[in-house]
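Reading through the structure tokens given below for one structure.
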Amino acid sequence: MDHRGATILDVSKLRKADSLLPERRQDVTVLYVNITSLSPNLQFLVCCLAVFVLYVIYGYLQELIFTQEGFKPYGWYLTLVQFAMYTVMAFAETRTLSTAKRRIPLKTYALLALLTLGTMGFSNSSLSYLNYPMQVIFKCCKLIPVMIGSILIQRKKYKPIDFIAAFFMCAGLSYFTLADSQISPNFSLVGVAMISCALLCDAAIGNVQEKSMKTYSASNIEVVLYSYSIGFLYLFVVMLFTGDFWSGLVFCADKPVIYGYAFLFSLSGYLGVNVVLTLVRTCGALAAVTVTTCRKAVSIIISFIFFSKPFTIQYLWAGLLVVLGIYLNLVSKNQTLSKKFSYWMERLWKPLGVRFYQYKRIRTIETTV
């Protein structure tokens, strides 16, 4: 109370009291169903189930489309249809949720759209030259271009375990590629180049998306809407000039079932992206990477079950090398596991280092004598 008898409120005490109140948790939705009331473990299980179901369907339909007779030259037309459907879905979701106006500048979206187009376009088109398991194995090794880009562009430093993980991934990729080139009738270096370009674009797009979304506080829906709509315009103009749009339109007009497959393919992919983002927000990026990696393994198994293709035991050994690399990458992101790994590597290397030093010393003495 001041000298005039008026009561003075202490704002600092009010702020302190407000900070003691429980924060309102952000709602957790999976496929537009609110699951906030479920326990964290049940939320994780629901997200995992949704990711597996949606992306297994996505992979199955993608391979099914390319097994249609005569469709293989029209991978970019499928990408155009996919971008159009993603745009419509994102626009409908934006209108339904009444989201705010665009926050990220159009010049940033111009780059994002180009990278998104490269990622999905080259990925789809690579199936004209590679079998599906080969494509998925390459997708599992995104760490390699991410590391190269971060070292060259951001001068980022990595731990030894990351380089070991990249080594196992490279070894697995090389072994898988060698095995595939020997037995697969669809193997082509053009396909390897395409999926490699898709990986490079995918590695770059993550950094651009993360930086722009944090800088401008943009929503996921906004990024999806503008990235895919601008990417659709890019591809549509290019395909008009090359004539690929009309040839793809005529081919699919004779086989309208492809549009049905493409719709389900796009729907499962669009919903899958939303579920993965929910998984990242609720359980963290490490859990999301683990779940999506396991999903890719299931997709490869389903591919061999439902689609006839040659198989060799070398696929299994190559896949295990890639899985080991992925596991080491996951370990590097977990501080506790990373410390344990470093401890055991140090214990393993110490006696080897001593023996190498003793051997080198003996050889030096023998040479001197």
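Glycine residues also receive a Cβ, built from the backbone N, Cα and C atoms like all the rest.
Under the heading transmembrane segment, TrEMBL lists 42-61, 73-92, 104-122, 160-179, 185-205, 225-246, 258-279, 286-307, 313-331.
At the 8 Å Cβ cutoff, the transmembrane segment (42-61) and the transmembrane segment (258-279) share at least 3 close pairs (sequence separation 6 or more) and count as touching.
Only residues 6 or more beyond the boundaries of the transmembrane segment (185-205), in the same chain, are considered here, and those with a CB under 8 A from a CB of the stretch are 112, 115-116, 118-123, 125-131, 134-135, 138-139, 141-142, 144-146, 149, 177, 310. Long-range contacts of the transmembrane segment (73-92) within the same chain: residues 65-66, 117, 120-121, 124-128, 221, 224-225, 228-229, 231-232, 235-236, 239, 244-245, 247-249, 251-252, 259, 262-263, 265-267, 269-270, each at least 6 residues beyond the stretch ends and with a Cβ under 8 Å from a Cβ of the stretch. Sequence-distant contacts of the transmembrane segment (258-279) (same chain, six or more residues past either end, CB-CB distance under 8 Å): 28-31, 44, 47-48, 50-51, 54-55, 57-58, 61-62, 64-65, 68, 71, 78, 81-82, 85-86, 89-90, 220, 224, 252, 287-288, 291-292. Distant neighbours of the transmembrane segment (160-179): 134, 137-138, 140-141, 143-144, 147, 192, 312, 314-315, 317-329, 331-332, 338, 341-342, 345; these residues of the same chain sit at least 6 beyond its ends, with a Cβ under 8 Å from one of its Cβ atoms.
For the transmembrane segment (286-307), same-chain residues at least 6 beyond its ends with a Cβ under 8 Å from one of its own Cβ atoms are 44, 47-48, 51-52, 55-56, 59-60, 63-64, 67, 131-133, 136-137, 139-140, 276, 279-280, 319, 323, 326, 329-330, 333-334.
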